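> A single structure is presented below for examination.
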């Protein structure tokens, strides 16, 4: 008798995606982040659902409802901090996942890569609207500053901003719609993630050497299920440690002050995972230029498959490209640090230099280095 998992219409999909999936035998722990992102998403949806049961999306009660969740709801504080720090874990996994794709040339699976970039944008949008919901000072001013960037769009800018706000400033209408967006977007992310997997399973996984592995495949289960479980345990341990020992480590103290349109915080800055993009935005003195640079800093990922000039797929055997890759990582860490600093000397200049280097590395230096490496190998 044929196994039910191979015949049942629903079980067959699960079987082909997670059990009998032929997988390269040599993929490293860098390939764990896909499953970890799935785990993060499920955690966020579940904790978010329980938070939504107690939250009220109204300017007069939003802040109080968060306080109520933390003080009066059974283990409400755990759920709230798991959700807040879960977002940080989500972005750590996201950036590691994208970095892995860049290093090992996974971007040559163009459909998978482009859906991945769309997913990155959607997760960033979800995190942004979610940060507004507690209605603290940083929530309010963050929403005001970032939505105001749309006013840089010529001709329709101001109208567009007021349309997004639902009025003449960030107010009740804005909070209500942001809550609606924050609730619906994770389910859109879930659907996109399925499309991402669909495209991935059309080609099969890449591997660290970047060479075809059809002659050396192993079943996903048990080899990679057990490996994913180890990764999941490490992620859960890190999340619980952060949540239970230092829940406010990555947050902003200003968000414990209720939103006040009449007093601006000294330093308006987003959560840590947006600081690199914020630094790029601030490093350009022109408003429209800054907005374009901000968008391009992420959209540039879409160009990467077209900028691949090497005859090899992976960077595993390309030391010069490796050096530039780690320079890019260091540059992004520098931008993250600068994004959290006040707008004054020397941070402004450093931010401008780091922003120029970011685009220079991706658009010019890395493709040129790949060509030089081809020449060195007489290819």
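Glycine is treated like the rest: Cβ placed from N, Cα and C.
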> Quick check on the annotations: Swiss-Prot lists transmembrane segment for one of 205-225, 226-246. Which range is it?
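Matching range for transmembrane segment: 226-246.
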> Which residue range, 8-28, 113-133, is the one Swiss-Prot calls transmembrane segment?
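From Swiss-Prot, the annotated transmembrane segment range turns out to be 113-133.
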> Same chain, outside the transmembrane segment (113-133) by at least 6, Cβ under 8 Å from its Cβ: which residues?
55, 57, 62, 87, 90-91, 94, 97-98, 101, 106-107, 139-140, 142-143, 146, 170, 174-175, 178-179, 181-182, 185-186, 188-189, 192-193, 195-196, 199, 270-271, 273-274, 298-299, 301-302, 304-305
> Suppose we draw a 10 Å sphere around the Cβ of residue 196 (heme b b566 binding site). How many other Cβ atoms does it contain, all chains included?
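There are 21 such Cβ atoms around residue 196 (heme b b566 binding site).
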> Using C-alpha atoms, which one of the binding-site residues 97, 196, 201 comes nearest to residue 182 (heme b b562 binding site)?
196
> Measuring Cα to Cα, tell me the gap between residue 83 (heme b b562 binding site) and residue 196 (heme b b566 binding site) in whole angstrom.
24
> Between the transmembrane segment (33-53) and the transmembrane segment (178-198), are there at least three Cβ pairs closer than 8 Å, leaving out pairs fewer than 6 positions apart?
yes
> What stretch of 178-198, 226-246, 288-308 shows the most Cβ pairs under 8 Å to the transmembrane segment (77-98)?
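Maximum Cβ contact count belongs to 226-246.
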> Pick the one among the binding-site residues 83, 97, 182, 201 whose Cβ has the fewest other Cβ atoms within 10 Å in this structure.
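Minimum Cβ neighbour count within 10 Å, taken over the binding-site residues 83, 97, 182, 201, occurs at 201.
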